[in-house]
Amino acid sequence: MLSNSTLSNSLPSSNNPSLAERDKAVIWHPFTQMQTAPLPIPIVRAEGSVLYGANGQTYLDMISSWWVNLHGHAHPYIAERVAAQLRTLEHVIFAGFTHEPAVELAERLLPVLPSNQAKVFYSDNGSTAVEVALKMAFQYWHNLGQPRQKVIALDGAYHGDTFGAMAVGGRSAFTAPFAPFLFDVDYIPAPVPGQEEAVLQLAESLFTEDVAAFIVEPLVQGAGGMIMYEPDVLDRLFQLARRNGALIIADEVMTGFGRTGRLFASHYLKEKPDLMCLSKGLTGGTMALGVTTCAQPIYDAFLSDDKFKTLFHGHSFTANPLACTAALASLDLTLSEATLANLERIAAHHAAFRQRLSRSGAVASVRQRGTLLAFDLVAEGGTSYFNTIRDVAYNFLLERGVLMRPLGNVLYFMPPYCTSDEQLQYAYDQVEALLSELCR
Ligand SMILES: *Cc1c(COP(=O)(O)O)cnc(C)c1O
């Protein structure tokens, strides 16, 4: 039987507007030019790697819904755990109070992070996890009585959309209107293969005694275009940063929880970061939660009889018990044998597909790290985000039931780990069809 809402979605009309039309009347979407954007696609439910549209269409979610979903949508185990928590304790103020899910999550996260990570600070999302890391770094130096103001970041970095996170991200058209309000940061190019020595030389001159922190997305720069580089050169950058004491912040908001083939990208490194930022996959894509972790000396620099050495930061929903419970359930799944096998399975399929990709004239710079496979679509006339090849690819794939969201001319696969061989194959086939189309 058709419900009213299904019916109204299939029959748009002014007296019985569709969900998309009701949306248009009241909602402002993220990263969306509302004047020219087509109506959004209503999704009524999702399961595993599949999104179900209101009119019966299905979409294979090959970007894990903006990189957050690890184990598939509406995972029954996560749902059960969150539902039970919802009936027990939905939220409580986290200053002066605590609760089991927050403590247990910290107890379970720290042992799987680089071994120097000692304390967990909760917030709400990736941007706030970065804000907290930056505030910890600046105030660390302040509390020591040796204030440092300079931050070093990588060109093309993305660390989030709040002001501090924007300030340490690569400057672009996205940040231009806010440029006067962003603090100064020195940038070094991403140390991509072939550029390592040049980048190290520049870093040598930049990592001076006034550098408070060096922030990076280890091994993969996500939103900047899935730019990948090797662990070796990052270790050497960390060593350079360390020489004059700069604190190292590893922003693993995207790379965390298995995405790069290891539990964290930092596990590919010999050097250990001082601070880490986690979010996105942290709850398996179920709820918003951010985590900033730090090494003991950073925490210690805030311990004092002097109240002004306190970290004055917090959010209303800090350590929300439901979000922490979702993270605990997701961690169970992430650490399971089944997931480890899936990570290898998907990486192997990607590796095989790479061979096919590199034979296409419409593809350049095929690159992979774990379950993340990216390549450039060869575009005529420039490669900016605003290039139409992005829209052509997005629409072509969407019409064939595959959700991928190219970053400019960079197309990438970031599937949920439960994605089946058949689903992967279907998505690969549609990408090959796109490439043939582009070559015509
Ligand atoms: C997405 C992202 C962020 C921001 O996270 P939000 O939850 O969207 O605020 C920060 N850093 C990296 C590396 C990211 O990919």
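Glycine is treated like the rest: Cβ placed from N, Cα and C.
Model, not experiment: these values are computed from the prediction.
Residues Y158, K280, G314, R405 are recorded by TrEMBL as substrate binders, and the candidate that the same record lists for that site, out of W66, W141, is W66. Residues G126, S127, H315, S316 are given by TrEMBL as pyridoxal 5'-phosphate binders; from D61, D251, D391, that same site also lists D251.
Spanning the listed pyridoxal 5'-phosphate site, residues G126, S127, D251, H315, S316 have a farthest Cα to Cα distance of 23 Å. Distance between Cα atoms for S316 (pyridoxal 5'-phosphate binding site) and W66 (substrate binding site): 24 Å, as a whole number. Taking Cβ-Cβ distances under 8 Å and a sequence separation of 6 or more, the neighbours of R405 (substrate binding site) in its chain are I63, W66, Y394. Maximum intra-site Cα distance, substrate binding residues W66, Y158, K280, G314, R405: 33 Å. Comparing local CB density within 10 A for the binding-site residues K280, H315, the maximum falls on K280. Residues near G126 (pyridoxal 5'-phosphate binding site) in space but far in sequence (CB under 8 A, at least 6 apart, same chain), listed by position: H159, G160, A165, D251, V253, M254, C277, S279, K280, G290.
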